[in-house]
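Annotation source TrEMBL lists domain 'Guanylate kinase/L-type calcium channel beta subunit' at 12-187. Annotation comment: TrEMBL describes 20, 21, 22, 23, 24, 25, 26, 27 as ATP binding site.
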C-alpha cells in the first residue's frame, strides 16, 4: 500500500533515497557520511516498530497512530515493506527549500511513492557481492545459513533506471569515499533534473544500457535466438527473436552465455614463477593472471593459494616458504582499488602434510574474501600419489630430487603426514567455518575418504581419483569437480579416473580449468558435444559452480542476476571468446 501528497512548490535541494539489500551497509555509510559532512542531513522515518528494534534512529508508532497521521496528511509519502509501515514526515523535508541534501534509508517499495512526490529524487543503490552480504548477515547472528541464503535471493533486484551504484565491498573508509563521491555528483545537478538523466557512478563512470542482440542465448535448459538487455550491471530483460533494438551490439549469431566461474586454479602461481627460480613482481603477476582469465571468458575466480609450508631438511626437502597471506593482501588491495577486470575471491588450499598449516590459516579473517578452503593431503602412498612410481617421475622431473634420495623423501613425508594429519584436518575444518567458506575435499579415492569428508561438512569434492569416490560423493550430496585438462586430454596426467568417464557415468557436476584457463570453456563445449546438451555443458562452468560456491547473484542468464556475460563462437571446433562483460562492463 502506498500513498502520496504532492507539494505545489518543487524543492530546491535534493532528496536522496538510499536502497540496497540487507547486509550492504546502508546505515553504516549514511552515518559515516553525516559525521564527515554537516551539510548533509538524514530524514528520521516514522515506522511501526519498537524504538529499540534495529540500529536506525526512528520514531516508533503503532499502526493506529500511523493511520491517524496518514489520514491527517502528515506524510509526504509512505509505503509498506516486510509487514511494517514507513512514513516520511512532510515537516522533515522542509530543509529542501533551503537547498539542503536530505538522505533517507528507503526500499524498493518506497521508490514509486517517493518519485511521484519528488520527480528529481536521486536513488543510490548500495550493493556488494553475495559473499560479502552473507558474511555480514552471519556476523549479526540473527539468521540460519538457510535463512541468509533465502534473504539474499529475495534481495536481488535490478537497479532502477538512472540509479547511482556504490559498491560497498571493501573497508568502511573506501565505501564512504565512494558514497560521498556519488552524493557530490548528485548535488552538482540542478534540483529540477529528471532522475532518468542522472547516470553517474563513483566506480565506473557513466552507466549506459547495453543490449546484445542477434545472439544464441544459452539459458538454463534451452538455447534461443534473442537479445539480452543489461542495465546498471544487472540483466534487465531477455527478449526472444532475431531482431535487435536500435543501438544494440549485433552478435552475428554468436553464443552468449553466463560468465565462467573458476573455483580452483593454479594459474596465478605460473605468473608468479614463470621460470624455475624466477620470482616475478607479484602485482604484475596478478594483473597478467587477471587479464588472461578475462580473455578466456572467466568472470569470477577463486584464486588458489597454498597454506601449509615445509621446513627445509638436508638433501630431500628444499622447503616451501609461506606466501599465501602476503599474496592475498596484494590481491585484496587491488580488488579494493578496482584495479582488476574480473571478480576475485580466495581459495585456501590447506596442505595437510605440512609444518605450518595451523599458523597460516590463523592469519586470515572473515573479511578476506575467502570463499573456499580445500583439504589437500599429498602424503605419499595415498590419494593422488598412491602410485609411487608416478610420484618419483614427478618429483625428480619437477622438483629436482635426486633418484637416490627418493626413498628418504618418501619416508620423511609419510612420517610428517601421519604425525600432523588429525590436527591439521581439524584446523582446516574449523578455519572454513570461522571464515564462512565452503569446505572442499581433494583427491578423494575411497568411500572411506568421502565418508570422512562428508562428516567434516564438505560440499565440494575436487578431483576425486576414482569412480568409487565420485559415486560416494553424489550419495552424500557432495558436488564433484574434475579438471578441464583431464577432459580435453582424455585422461588424468596422474593416472586417475578420466573426467569423461565420470561425465558418462553422470557423476561430473563442475569443471575447473586447474592449470590451463582456456580449458574451462573448452571442457564445457566438449561435454556439450558428448551429451548433445549445450545448456548442461555450460552449467558445469557457470550455474553449478556458482551454487557450489554459495554465489546466488550470478551463474545464469536470468533477469535480476549480475550481468557477467561472455560472447563466443566456435572456430574449427574450438570455442573462441569474442567479448567478456563483468557487471555489464566490457573487460575483454
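Every residue gets a Cβ built from N, Cα and C, even glycine.
Any TrEMBL annotation is an automated prediction that lacks curation.
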Ask   = Taking the centroid of the Cβ atoms of 20, 21, 22, 23, 24, 25, 26, 27 (ATP site), which other same-chain residues have Cβ within 8 Å of it?
value = 126, 128, 133, 136, 168
Query = Around residue 27 (ATP binding site), how many other CB atoms lie within 10 A of its CB?
reply = 16
Inquiry  = Tell me which of the binding-site residues 21, 23 sits in the most Cβ-dense spot, judged by other Cβ atoms within 10 Å.
reply    = 23
Ask   = Taking the Cβ of residue 22 (ATP binding site) as the centre, how many other Cβ atoms fall within a 10 Å radius?
value = 17
Inquiry  = Which secondary structure state does DSSP assign to residue 27 (ATP binding site), in the simple three-class scheme?
reply    = helix
Nonlocal neighbours by CB distance (under 8 Å) for residue 24 (ATP binding site), same chain, sequence gap 6 or more = 126, 127, 128, 133, 168
Request  = Note down the number of other Cβ atoms within 10 Å of the Cβ of residue 26 (ATP binding site), including every protein chain shown.
outcome  = 25
